[in-house]
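A.B. asks: Input: one structure, supplied below.
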C-alpha cells in the first residue's frame, strides 16, 4: 500500500509556541502530514543531551489546522526518541527541526539542540534537517525562510540523504536572500564574555555570554562566508566524526 | 621562560568524587601540574550542552596530594569554559576528561558529556582527550586504564594533535588488555527501551533506557570490534563534521 502523503515530524529547542516552529510546521505541511513534538520549555544550547536520570512525560496539547501538537519535558533529542517510540504510528519519512531563533552555523552546530534533534533523527535512519535563522528576535521575520524550507525539503524528497548524513541549514534574516549555497562548515569559536555578579549573600555568580569569532575570515567557501553574503547555507553533516587523516598516520600506542 | 611542567586540566561528567576522575587525576599527575574542575552533580548524557539560562557558580573544594579540586554547577563543557576563564592562570597544555563510568564508543560520542568537554577543549585550541571505561560500576577496576592513559597522553605530548582533532578513548574493564588500537568510529545506535509507569495521580511517565546495537557487526576496523577483542581504542575525532562526499555532489538548491 502506497502512502498518500509523507509523514513529517517537526521539533525544535524553543518549545511549541515559538514563531520558528509554527512557521516550519505550516510550511512543511504543504508536503505531508505534520506532527509537532517539542519541549515544554526552551532548551537552547542543549546539544545532543538526553534525559537518563529523570522521568519523561508526554502531553497532547492541541490539534490546529490539521497539525497535532505534543509537548514533552525532555530535550530536543528526547523529543525525537519519544515521538518515534510513543507518538507516531510509524517511522516518519522526514524530521525537521527549528526554525531556531539564532544561528547554528559553523561550530555552533555542536552546541545546538536544534541540530541535536536532527542528528538523533539521522541516527534513527530518518532524513533529517535542522533550520536556523540568524536572529534571536522572538518575532523575527521568517518570510524568506519559508522559501528556503521548501527548496531544501523538495531536494531532500527528490534525492534523499545518504545514511549517516543530516543537513544544517542557516538563514540570514533578510527581506530578499541572494540564494542558497551548499557549502562546508566554517571554523570558528565562541569567545566567552562572562558577566560577573554577586548574590545577596555575597557569593559570586556568572552569566555565560559571548560572541562568535570566525577563525577563517579569508575563506570564501564556508557557511560563515556565504551567510555574510546574504545566502542561506546548507551544510551536509556526518554522524561519523572520525578524523581519517590523523587515523592514517598509523600512530602506535604501546601498552 | 620555559615552564617546568605542563598544566593539565581534568574534568568529567560524573562529579569530583567519582573513582574515574580521581584515577585520571592521579595518573596524569605523573606528567604535570593537575587542576580538577568538575560538576557538583552527575551530568551523564549531557553531550556538548552549555548553560545559557542559569547563572554559573564556582567553588574551590580542596587541595589534596598537590591537586586543586573545583566544583561548578555547570555541564562538562561549562566546566572547561569556566576553568579557562576564571580558574587557570594560563591556557592549559592538555585537557583530559573522564574516566567515564560507561562506554562512549561508536555513536555514543554524540551523547557523551565526557566527550563534550574534550570537544570544548579542542575548540579552545587545547589538545584534549576523553577517556571512558566500559563499566557503569562506581567501584570499577581502573588498573589497566592507568596504562592506557599513560600511553595515550605520552604519545599526545610527543606528537601533538592536529588543530580541530580530539581523541575518544574507550577501555574494556579487563584484568589484562590485549593492547591499544587506533581506529575509526563504528556505526551503531541505541535501541530505546522505555520503562512505562504511572504516578500516584494516574499520569504516565517514562524512564529512558536501552541497549546499544552495533550496525556493522562484520566490520573488523571499528572501535566496537576492537573493544570486543579486549583492546582499548583511540578514535581521532573532528570538530569539522562536514560530509564532503555529499558536498561534492554539487546539489543545487533553487530559491
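Using the three backbone atoms N, Cα and C, a Cβ is placed for every residue, glycine included.
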A.B. asks: A:13, A:14, A:44 show up in TrEMBL as binding divalent metal cation; which entry in A:65, A:73, A:100 does that record put in the same site?
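C.D. replies: So, going by the record in TrEMBL, that would be A:100.
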A.B. asks: Considering the binding-site residues A:44, A:100, which residue's Cβ sits among the greatest number of other Cβ atoms within 10 Å?
C.D. replies: A:100
A.B. asks: Looking at the binding-site residues A:13, A:14, A:44, A:100, which ones have a CB within reach of chain B, meaning under 8 Å Cβ to CB?
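C.D. replies: Correct list, in sequence order: A:44.
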A.B. asks: Specify the count of other C-beta atoms within 10 Å of the C-beta of residue A:14 (divalent metal cation binding site).
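C.D. replies: For residue A:14 (divalent metal cation binding site), the 10 Å Cβ neighbour count is 24.
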A.B. asks: Please give me the CB contact count at 10 A for residue A:13 (divalent metal cation binding site), counting all chains in the structure.
C.D. replies: 34
A.B. asks: Can you give me the residues near the recorded divalent metal cation site, meaning same chain, not A:13, A:14, A:44, A:100 themselves, Cβ no more than 8 Å from the center of the site's Cβ atoms?
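C.D. replies: Along the chain, the qualifying residues are A:12, A:18, A:20, A:42, A:43, A:76, A:98, A:101, A:102, A:112, A:113, A:114.
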